[in-house]
Amino acid sequence: MKRHEAKRKRDREQLFPALARLIEIIPSDANARQFFQSHFVDRAEPPSAPPVDGAQPEPQEDLTIEGDGLRRLLDRLGADGCPEGAADLLRVVRRVPRSRSTETSFQVAELCFAIHQATGPVGVHERRRTAGMQATALDEAGTPVLQYYKGQRFREIAGHATGAAAADDEWRSFIRSLETALPMTLRMHRSERALEHLARSVLETGEAHAAVRAVVRPVACLPPSAHMFSCSNQAYHADRQVEYVCRTLHAASAVSFQEVVSALPVLVLDLQPHHTALEMCAAPGSKTLQALDAMLQGGWSPAVAQGVLLSNEKDRVKATQTLPARLKRYHAPNVLSTRCDATQWPRLYRRAADADDAAAPVEQQFDRIICDVPCSGDGTIRKERSVATTWAPGYVQSLVPTQKALLRRGLDLLADGGILVYSTCSLNPKEDEEVVCAGLELFGDCVELIDVNAVLRAKGATLRSAGGVPAPDGGRPQVRRSAALVRRRQGAARAAASRRHGRLLVAAFRKVRQPDSVRGPAVR
């Protein structure tokens, strides 16, 4: 991780000339998106079409720089910044995931993303500190993600929880919650007794660190068995001793920095030591370590030898550097790190231990699957303010097919009676309910939704949550057996970030039986 951060710092010192010039022409106090829109976008962003018969309004078009606007931008960058013209500018945005820019048309959101990557915080601790400093008022008019949700979309989402009459008040409450920084939260590791004792002596029992315990307290909304602790972002960075102690515990692998809502999928899974589990998109690894904790908290028992956790990641750097770096410090005997496109995860076969040579191999399926998919992240504005300017409706549309493919492959790989948890940190129903409904429609009565709210309550969680996934036949939302949309205190049940601990969508599927058709490549 430190080598990766050092490389990013070196890259910043040697910025591509076109990117360096882009950063230079934007005033330090200006919003990058508004700057590009006012100077180089020849057409204004069109308003959403009014809804017809209660239908969802069409998404706004993505802002693009093209034609005369592109020529003005290239002239502003000059021959020093773009000696090869638009080709140099294209090299800048080609590093953006799922880039849709061409030499004649550049997405404003992609330019903003590239600029943020070059100027934003490098390390996670620097990013947390910056998020706390930037927790100021949001400019609704200049924030595309807020313009997308404001009005009819938000009223439809919030109406399930508050009623349409209160939607406007709920919107103002939602904006206030986005303008507050997320608290610092960490989770105590329980797989190794010595490290657990070290963390307990600091966070729970020891007298030497009473000042730390006065600031860092157990998370009240989760049961004590979650072993999560929290304090405000401001208090964490204001006290050097608190920050030093928490970072030292993290370096010793006694705790992990992890958001409260990020811990919910593993809580719902109810992992046991003997389970065969798969995490389809594992980086950066917080849920992987939490899953290992759940499997190993009873010690290295004989049941641990029967179970295994496969931690998979598609990205080369994350799969070969980020994940292994975290796992090797954890000393877990039952985890494998793999690199594969999870949508193409192969069907694996094995012979039963007591089977003879003539017996047919059986397919290796999974008892538990974590399907935390790549998403637009528009629910993470509180910790990553850059989302407010780099978000675009077109990016959301490009993600949905991958999300559906991941859920489909995960449900394929699930054993009878197994549980899969689908989660995103997005507010958008296209990435949430639409994908969940697609999975239900595809597998029919072979899968069922688990009441996530009931599972969390049974475990002692006091989160106020709500949800609603419309039935595949177009019936009313099945509120009780649906994705849990987590929040606390005030804020919309579906669209608002929590005032305290953020938001996450969680949908849990149970495999009732195997479908008749068989999909996926076979590997023996």
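Backbone N, Cα and C atoms are what each Cβ position is placed from, and that goes for glycine too.
Note: TrEMBL annotation is automatic and uncurated.
According to TrEMBL, the feature region 'Disordered' maps to 43-62. The domain 'SAM-dependent MTase RsmB/NOP-type' annotation in TrEMBL covers 174-512. According to TrEMBL, the feature S-adenosyl-L-methionine binding site maps to C281, A282, A283, P284, G285, S286, K287, D341, D372. Annotation comment: TrEMBL describes C425 as active site, nucleophile.
Shown on the structure are the features that TrEMBL records.
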residue	record	contacts (Cβ under 8 Å, 6+ apart)
C281	S-adenosyl-L-methionine binding site	N312, E313, K314, A342, C371, D372, V373, P374, L406
A283	S-adenosyl-L-methionine binding site	E313, D315, K318, A319, T322, L323
G285	S-adenosyl-L-methionine binding site	S311, T322, L323, R326, L327
K287	S-adenosyl-L-methionine binding site	S262, A263, P265, V266, E279, I370, D372
Mapped onto three states, the DSSP assignment of the residue listed as 'active site, nucleophile' reads coil
Record-listed S-adenosyl-L-methionine binders C281, A282, A283, P284, G285, S286, K287, D341, D372 have a maximum CA to CA distance, in Å, of 20
Once DSSP output is merged into helix, strand and coil, K287 (S-adenosyl-L-methionine binding site) belongs to helix
If you count the other CB atoms within 10 A of the CB of C425 (active site, nucleophile), including all protein chains displayed, you should get 24
Here the 10 Å Cβ neighbour count for D372 (S-adenosyl-L-methionine binding site) comes out at 23
